[in-house]
Structures are given as C-alpha cells and as structure tokens.
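**Q** Residues or ranges marked as active site by Swiss-Prot on the basis of sequence analysis: ASP304. If you look up Swiss-Prot, you'll see HIS60, HIS62, ASP151, ASP304 marked as Zn(2+) 1 binding site. The substrate binding site annotation in Swiss-Prot covers HIS62, PHE63, ARG64, ASN94, ASN277, HIS308. Residues or ranges marked as Zn(2+) 2 binding site by Swiss-Prot on the basis of sequence analysis: ASP151, HIS178, HIS231.
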Amino acid sequence: MIIIKNGYVIDPLTKREGKFDILIDGENVVRISQDIGIDDDIEVIDAEDCIVSPGFIDIHSHFRDPGFTEKEDIITGARAAARGGYTTVICMANTNPVVDNVETLRYIVDKAKTAKIEVLQVGTITKGMQGVELVDMEALKEAGAVGFSDDGKPIMDSRLVLEAMQKARELDVPLSFHEEDPKLVYESGINGGKVAEKLNMMGALEEAETVLTARDAALAVSSGAKTNIQHISSKISLGIIKLAKEMGANIIAEATPQHFSITEEEILNCGTNAKVNPPLRREDDRKAIVAALKDDTIQVIATDHAPHTKDEKAREFKEAPSGMIGLETALSLAVTNLVKTGDLTYRDMISKLTINPARFYNLDRGYIKEGHRADIVIFDPDEKYTVKEEEFQSKASNSPFIGKELFGKVKTTIYNGKIVYEDK
C-alpha cells in the first residue's frame with residue numbers, strides 16, 4: 001500500500017481541491033480523506049508543498065517504434081513520459097511501416113504491455129499515409145486503435161476527409177489532422193516571416209495552416225465527427241476554430257508547449273532544435289494561443305514529442321528533420337509560461353493535461369476517485385530548475401529548452417498504483 005500525505009490535491013473532474021491524503025491499495029485509490037492514519041507496512045510519500053494531480057495524458061507523441069528506434073522506442077518513450085508526469089500517451093502512426101494494418105498495430109500493442117506507463121496507438125486515416133484510400137477503420141479499432149491520424153502529412157483530398165469523418169462518427173472515434181498545405185510551404189519548419197528572410201528562406205506561410213483548418217472545420221460542422229486540429233500555431237486558425245465551435249462542430253484544438261512558449265526568433269538561438277512543423281510563429285500568434293488556452297478555444301495541451309538523433313539535427317537547416325522532444329518539459333513550460341504569468345489557474349492547466357484529452361479519446365482516465373485506477377503525478381510548482389541534456393530519459397535531446405530555467409518539477413509519477421518515476 002502507498003499513502004500520499006500532505007499534498008494539495010487538484011482534480012478538475014470531481015472538483016476536489018485542497019489538502020487531502022490519498023491511500024492506494026494495489027492498482028486503485030481506496031481512500032481520499034484529510035489525515036489518514038499510517039500503518040507500519042504502508043509506503044509514505046510526503047507531498048508537502050506539492051500539487052497532487054491525475055496523471056497527465058498526451059494525445060500526440062511519436063515513439064518511432066517500429067522503424068526508427070535509433071531515435072526512440074516504446075520503452076524509452078514511456079520512461080521519458082513517466083519523468084514528465086504522464087501516465088497515458090497516445091502515439092502517432094507515422095512509423096515504418098505506418099500503422100495502417102492490424103499486424104503493425106498488434107506489434108505496438110504487445111510491446112506497449114511492457115512499458116512503464118500506458119501507451120496507446122492511433123491508426124492512419126489513409127493507406128500508407130498517401131491520402132488516396134481510407135484504411136479499414138473498423139478492423140483497426142477492433143485491434144486497439146483509439147483514433148486515427150495521418151499526422152506528419154496533410155490530406156489534400158477533401159472528399160476523402162469527409163468520408164473519413166463520416167466513418168469516424170459512425171464508429172465514435174476521433175480524428176486528428178496535421179494542417180499544412182504543401183503548396184504554401186516553401187521550406188518547412190520555419191515561419192514565412194522576418195526570421196526566414198534573415199536566413200534567405202521563404203518558409204512555411206501561415207496560410208498553409210489556415211486554409212486546411214478552415215476546410216476541416218467546415219467538414220467537422222457538417223459531419224459531426226470528433227475532430228482535433230493538431231499543434232495549432234496561427235492566430236487566424238484560432239478564429240476559425242472558435243467559429244466552428246459556435247456553429248456546433250465537435251472540434252478541439254491542441255496547443256504544444258513550444259507554440260505557447262517561444263517564437264520564430266528561437267531559430268536564431270537554437271537552430272534546428274527549434275525547427276518544428278508547423279513552425280514557431282510570431283509573438284502575436286503565441287499570445288493568441290495563450291489567450292485561446294485561457295478562454296478554452298484550445299482545450300488540450302499536447303506535446304508533439306518528436307525525437308531525432310544528434311546527427312540528423314546537425315544537418316543544414318533545410319535538410320534537418322522537424323520536431324523536438326517535449327514530454328519531459330511540458331509541465332514545466334505550462335507552469336512557467338501559463339500559470340506563473342497569471343493566464344491559467346493550476347486547475348485550468350491540469351484540465352488541459354488530464355480530463356479534457358481523456359474525454360476527447362473516450363478514455364476512462366484523467367481523475368482521482370476512490371475505487372478507480374491510481375494514475376497520479378506529484379509535482380512541486382515552485383521548484384525552479386535548469387533543463388539539462390544529461391537528465392533526459394528519452395533517447396533524444398533535440399530540445400531548444402536545454403539550459404533554460406523553469407518552474408514546476410515532477411517529484412513522483414504513479415501509474416496503475418505503482419511508482420514509475422521518482423525525482424532523486
């Protein structure tokens with residue numbers, strides 16, 4: 001048995017907030033009360049000065065397994081997630097082979113059983129991620145796919161997107177879309193703006209995101225499908241999402257910590273480690289993302305954890321792959337750049353990391369209740385620390401936040417009643 005003592009519990013679903021002790025027996029929380037007695041055989045976790053939250057849920061990660069395990073694999077990705085306070089992670093399908101078939105999905109599902117946390121998987125929307133023919137969504141759902149996404153590539157065929165949405169609504173599964181029209185991306189990973197001009201590039205225009213966001217928002221309105229616009233980066237895209245919500249669309253937008261924390265200027269400091277798709281944009285876009293998190297236009301914080309090797313990121317900017325790791329810094333960036341700034345409360349932040357992503361993916365997770373699974377993170381919101389490359393649990397270290405001082409440190413992560421990470 002484990003008892004968490006003296007912590008400040010915040011659970012957005014039950015609206016419990018205050019000092020409570022939590023008793024865990026086996027896989028489940030068995031008691032939540034003020035001042036539970038301690039027996040000799042109970043392991044005690046002292047959570048003084050810490051917030052006790054439901055374990056975080058990431059709906060957008062890349063564990064690169066199968067096919068690219070020199071970058072990351074399911075085991076190391078799960079280890080990184082546990083260090084970041086995540087107890088459930090949903091992985092994207094752009095592996096090798098892509099997850100458009102039951103055989104590849106079963107490999108991932110079986111390997112995930114040995115991971116430190118819960119690792120779930122989406123299937124692709126189209127076969128081979130080619131944007132031409134839909135996968136057998138029903139068969140993939142039956143085999144364990146929790147949703148569908150061609151993340152990493154846009155789907156340019158509007159009729160195919162509508163058919164996918166209609167099928168997804170029938171099956172009650174969510175779809176997630178990467179919105180970048182390649183005709184408006186001259187060089188990927190850098191905003192079409194002043195920084196690109198300094199580097200003699202044209203970059204990825206904001207319109208690359210907004211035109212596809214507008215199309216898919218309109219299709220979400222007409223189809224009723226559960227739709228996620230991934231890693232939103234543009235102020236204009238946010239206005240489109242807001243309008244679609246007002247028109248009754250079952251649509252959400254996710255924001256990544258990088259898009260609400262830094263701007264295109266970071267490329268001048270960090271080079272390829274700040275290269276992401278869609279790119280970091282202007283300060284007014286960053287502020288708009290923060291405002292949208294505040295007014296709930298954006299309901300989910302997702303990491304888009306995208307590990308790459310040092311050799312890959314050492315290439316010239318145009319040749320280097322896009323993406324940065326994010327699971328181990330997401331909480332700290334949210335605390336530092338959303339809560340400490342006064343834009344979000346801790347409850348608001350935790351909602352976007354727990355119950356909101358759980359609801360979107362139809363998961364019975366994201367809360368702390370007696371008689372239910374003990375997925376819990378304990379973090380010190382006021383502990384300040386420096387991000388160090390050598391402390392990453394991921395195989396990769398492609399992060400622009402190395403060397404930055406951040407608030408909010410995970411102290412303990414508990415998954416399924418077991419301690420899977422402790423800050424030593």
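Every residue number used here counts from 1 along the chain in the order it is shown.
The backbone N, Cα and C atoms fix where each Cβ goes, and this holds for glycine too.
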**Q** Which Cβ among the binding-site residues (ASN94, ASN277) has the fewest C-beta neighbours inside 10 Å?
**A** ASN94
**Q** Kindly assign HIS60 (Zn(2+) 1 binding site) to one of the three DSSP-derived states: helix, strand or coil.
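**A** Its secondary structure by DSSP: strand.
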**Q** Please name the residue among the recorded positions ASP151, ASP304 whose C-beta has the most neighbouring C-beta atoms within 10 angstroms.
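**A** The residue with the most neighbouring Cβ atoms within 10 Å is ASP304.
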**Q** For the binding-site residues HIS60, HIS62, HIS178, HIS308, work out the Cβ neighbour count at 10 Å and name the residue with the minimum.
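**A** Minimum Cβ neighbour count within 10 Å, taken over the binding-site residues HIS60, HIS62, HIS178, HIS308, occurs at HIS178.
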**Q** Rank the binding-site residues PHE63, HIS231 by how many other Cβ atoms lie within 10 Å of each Cβ and give me the one with the fewest.
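**A** Sparsest of the binding-site residues PHE63, HIS231 by Cβ contacts within 10 Å: HIS231.
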**Q** Which of these binding-site residues is closest to the residue listed as 'active site' if you go by CA atoms: HIS60, ASN94, HIS231, ASN277?
**A** HIS60
**Q** Using the centroid of the Cβ atoms of HIS60, HIS62, ASP151, ASP304 as reference, list every other same-chain residue with Cβ within 8 Å of it (recorded Zn(2+) 1 site), in sequence order.
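**A** Apart from the listed residues, the neighbours are SER61, MET92, GLY152, GLN230, HIS231, ALA302, THR303, HIS305, ALA306.
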**Q** From the centroid of the CB atoms of ASP151, HIS178, HIS231, the recorded Zn(2+) 2 site, which same-chain residues not already listed sit within 8 A by their CB, in sequence order?
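**A** Checked against the 8 Å cutoff, the neighbours are HIS60, MET92, SER149, GLY152, SER176, PHE177, GLU179, GLN230, ASN277, PRO278, ASP304.
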**Q** What's the CA-CA gap between ARG64 (substrate binding site) and ASP151 (Zn(2+) 1 binding site) in angstrom, rounded?
**A** 13
**Q** Work through the binding-site residues one by one (ASN94, HIS178, HIS231, ASN277, HIS308) and name whichever has its CA nearest to the CA of HIS62 (Zn(2+) 1 binding site).
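**A** Looking at Cα distances from HIS62 (Zn(2+) 1 binding site), the smallest one goes to ASN94.
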**Q** Roughly how many Å separate the Cα of HIS231 (Zn(2+) 2 binding site) from that of PHE63 (substrate binding site), to the nearest whole number?
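**A** HIS231 (Zn(2+) 2 binding site) to PHE63 (substrate binding site), Cα-Cα distance: 17 Å.
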**Q** HIS60 (Zn(2+) 1 binding site) to HIS178 (Zn(2+) 2 binding site): how many Å between their Cα atoms?
**A** 11
